[in-house]
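Notes follow once the structure below has been shown.
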Amino acid sequence: MAVEKVHECAQEEQVYHPSLSFSARANVRDARIYDWAGMDYQSFWASEAEKLHWIKPWEKVLEWQSPFAQWFVGGKLNACYNCVDRHLDGWRKNKAAIIFEGEPGDQMVLTYQDLYREVTKFANVLRGMGIQKGDTVSIYMPMIPQAVIAMLACARIGVPHSLVFGGFSSEALRDRINDAASKVVVTTDACWRRGKAIPLKQSVDVALQSCSSVEKVVVVQRTGMEVAMEPGRDLWYHELMESARAGCEPEVMDAEDILFILYTSGTTGKPKGIVHTTGGYLTGVSSTHRNIFDLKEEDVYWCTADIGWITGHSYIVYGPLANGSTVLMFEGAPDYPEKDRFWEIIEKYQVSIFYTAPTAIRMFMKWGEQWPAGRDLSSLRLLGSVGEPINPEAWSWYHRNIGRENCPIVDTWWQTETGSVMVAPLPGLTPTKAGSATLPLPGVFVDVVDESGNPVGAGGNGYLVIKQPWPSMLRTIYKDPQRYVDTYWSHFDGMYFTGDGARRDEDGYIWVLGRVDDVINVSGHRIGTAEVESALVEHPTVAEAAVIGRYHELKGQAVSAFVTLREGIAWSPELERDLKTHVAKKIGGLARPEEIVCAWELPKTRSGKIMRRLLRDIAEGRVLGDTSTLADPSVVSQLMKQKTL
Ligand code: PRX
């Protein structure tokens, strides 16, 4: 992986201190937590793990054979039991676990008791199909409670789930099902998006033409769209659930048994199956959810991510439910039927904690402050941000217009691989600065280092690394431990490399600047440049392709592609459109290039390596950097001339 120069970023340095009233009631009030967790991080994490329900206690907190970690060695637990059963003892059994609002405005509330019934019934359905430890289940669903039920049912019977974001294409779904060799796929007929039913089962049918492992497909009826049901293979969820029995003994899981696999983009064309295990992951997500969001029993907590991404796994499902919170789940888009849908929901359900992404905040800014101003947002007491660097203007807008200058903002830096948040303020303790995720959490050893792995110190730019193992760290890449070692542990001796660049300011605060590898972050979603490039060259007209992420006002970054065509093919607006559609079909709408530039040659070094840095300069209209290593400098001047971006 090429590690390129870290970009500079503009900063605003106003410091926001937690209010005295917030600090006085905060879950974490004593700043010494940083010291004692720093001195003995294993004891710190063990004390957080003790807040979970263990069937059998662990014998050793950490077994570290770098870079392979085992946390809570010998401990036994069940993640589903921790998220559901243990809340049934007292009054919490009648507490809302999930408040669901569908896009058309339908509502459903599941108490913890309801969740227990539905999850155990579906666990029995899966067991009835012969699914057991050693199998995997793929879940391709929209944001509806049945998706959470399916995840927890898998966890209950000890079967790793693999969620595939509903916006991914059938081909992307096929590759993920095949890599995980799933026996069952759970899906819906379709999902609602801005008043239209978007088919999902249809994509599953196409994917399954080349997935030999799949025996059964369970279909939840969501929109009523007509779907083809293959006899013997396809089954309706509601019919299965009608006859299913409630109550299902949870499987006794080892702390290190796999809880789930989640695919994410890397620097090669093949997505990586990130493996998370049971004990450490649940410890990390429950602890961070409680501490960073300052969770109280009475909170209504809303995270707007999709459960198909890690944010949904950790901070809609496992963290919040392990903590017995009330989770709001919303299926639709923020601008349907009107641009105040989110604010209407906050007002309607009196949401107190709201966690969203900078890309959404920038969109709200564009729509105007009259939309939130027309709603009562006084229930809010804490705001969160995740997915990409939040620019100071968006941070301040969020603070003013949504938080009404009354809510701390927790900017949380983390990754699919880290499982839970690594860098974020503790809202009762940490003064915040607009645009900085502030400091590593207690027990987490994040640093910014130079090329040789030495800390850059105050005022320095460098690479973001993690220096000690943490409980919710990925354990490996599914079926590819060598790729795990190469991708994360071979850049800096003994350190986990995040792929991000960052700056440390004079107060030691971390300012994450974005990816320094070949990964693009579009609206907080990761896309590998190599994935888009290989989709493009599969098209019969394309000879070569280079893909970069360029600055985009709303999305953070946009996919920008440069192609050369095969002999005899003429460039046209229709071909550009075709190529964009082709990429969306191969990967999913989120990878669709914003623009495609046709070049007669791509800028390459004399050794044949494409100079992406120059392409980025061209796409962003910057003065070109060093071009002296180019094999043919005229390629760049030609590209500059024809640039129509
Ligand atoms: O570049 C960082 C960015 O998102 C990447 C991780 O993407 P993913 O695995 O899809 O997980 C997204 C949600 C956790 C990181 O390498 N990123 C995430 N959060 C932040 C961020 N960049 C800056 N600030 C953040 N708060």
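Keep in mind that glycine also has a Cβ here, set from the backbone N, Cα and C atoms.
ATP is bound by G387, E388, P389, D411, T412, W413, W414, Q415, T416, D500, R526 in TrEMBL, and the record lists one more residue there from R375, R483, R515, which is R515. Rounded to a whole number, the distance between the Cα atoms of K609 (N6-acetyllysine) and V542 (Mg(2+) binding site) is 18 Å. A separation of roughly 8 Å, to the nearest angstrom, links the Cα atoms of S523 (CoA binding site) and G387 (ATP binding site). Counting only the Cα atoms, the space from R515 (ATP binding site) to G195 (CoA binding site) is about 35 angstrom. A straight line from the CA of T311 (CoA binding site) to the CA of K609 (N6-acetyllysine) spans 35 Å.
Nearest by CA distance to R193 (CoA binding site), out of the recorded positions G387, P389, W414, V537, K609, is G387.
Spanning the residues R193, R194, G195, K196, T311, S523 that the record associates with binding CoA, the maximal Cα-Cα distance equals 26 Å. Counting in whole angstrom, T412 (ATP binding site) lies 29 from R194 (CoA binding site) by their C-alpha atoms. Mean pLDDT for the domain 'AMP-binding enzyme C-terminal' (531-609) in the predicted structure: 93.
Ligand 1 lies under 6 Å from the Cβ of the following binding-site residues, listed in sequence order from K196, T311, G387, P389, R515: T311, G387, P389, R515.
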